[in-house]
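Taken straight from TrEMBL:
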type: ACT_SITE; residues: 39; note: active site, proton acceptor
type: BINDING; residues: 40, 48, 50; note: Ca(2+) 1 binding site
type: BINDING; residues: 153; note: heme b binding site
type: BINDING; residues: 154, 165, 167, 172; note: Ca(2+) 2 binding site
type: DOMAIN; residues: 30-242; note: domain 'Plant heme peroxidase family profile'
type: SITE; residues: 35; note: site 'Transition state stabilizer'
């Protein structure tokens, strides 16, 4: 079995970077790619590429902001003859790096699936903290990991293309404090609920006060998300291409 990273991933990453960074700043493609990991992996509890291969980007409302990146990455997977599930995770890791976020490990060897994931699994923008926390616990994530992952909203925008924190161009923990004090350009109700719920507010405030505490929690939670439904021991580390 091959143990070194296949050279094709160096080419894929170089190609992807051309649309993720423009004039030194991360693009909307990079921001969309960051979300794509969660939307592929979470519904079925498996990172399997079905969001692209089963055309879930076009048929499900929660994926409406990602139709463009789904098309782009799907075409790249075909062009380079690589796993769609893997290229989604590369997109997320590279998107985070492009937006000046922390290094997320990238491993290849996922199994693609064209079987659509279950519907009704994605938490919504108006869901309360109790239901969101329960949904994450059901997928194997703690409340702390949930709050850490939500911090990726530092690079997110709502359906009206409005940023969710006051430092849109920076990957930082301002999102947490902006949500607490109401200074963000816009805030999802679900984020507001998590910021003041008894089960998550203390962690939310901790991350608002310390970027290093957030990063220390975010990186392993994001890597855990990227490996859902896959055997890490059988995968190849390609983190060097990020």
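Note that Cβ sites are derived from N, Cα and C of the backbone, with glycine treated the same way.
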* Structure fact -> Between the binding-site residues 40, 48, 165, 172, the one whose Cβ has the fewest other Cβ atoms within 10 Å is 172
* Structure fact -> Most isolated by CB count within 10 A, of the binding-site residues 50, 167, is 167
* Asked: Quick one: Cα separation, the residue listed as 'active site, proton acceptor' versus residue 50 (Ca(2+) 1 binding site), in Å?
  -> 10
* To do: Fill in the CA-CA distance, the residue listed as 'heme b binding site' to residue 48 (Ca(2+) 1 binding site), as an integer in Å.
  => 23
* Asked: Within 8 Å of the Cβ centroid of the Ca(2+) 2 site residues 154, 165, 167, 172, which other residues of the same chain have their Cβ?
  -> 155, 166, 168, 170, 171, 173, 174, 175, 178
* **Cα-nearest neighbour of residue 165 (Ca(2+) 2 binding site) within the listed recorded positions, 35, 40, 48, 50** => 35
* **Local Cβ density at residue 153 (heme b binding site) - other Cβ atoms counted within 10 Å** => 23
* Quick one: of the recorded positions 35, 40, 48, 50, which has its CA closest to the CA of residue 154 (Ca(2+) 2 binding site)? => 35
* Could you state the CA-to-CA distance between residue 172 (Ca(2+) 2 binding site) and residue 35 (site 'Transition state stabilizer') to the nearest Å? -> 16
* Around the Ca(2+) 1 site (40, 48, 50), what further same-chain residues have their C-beta within 8 angstroms of the site's C-beta centre? -> 41, 44, 46, 47, 49, 51, 52, 53, 54, 84, 85, 88, 112, 113, 117
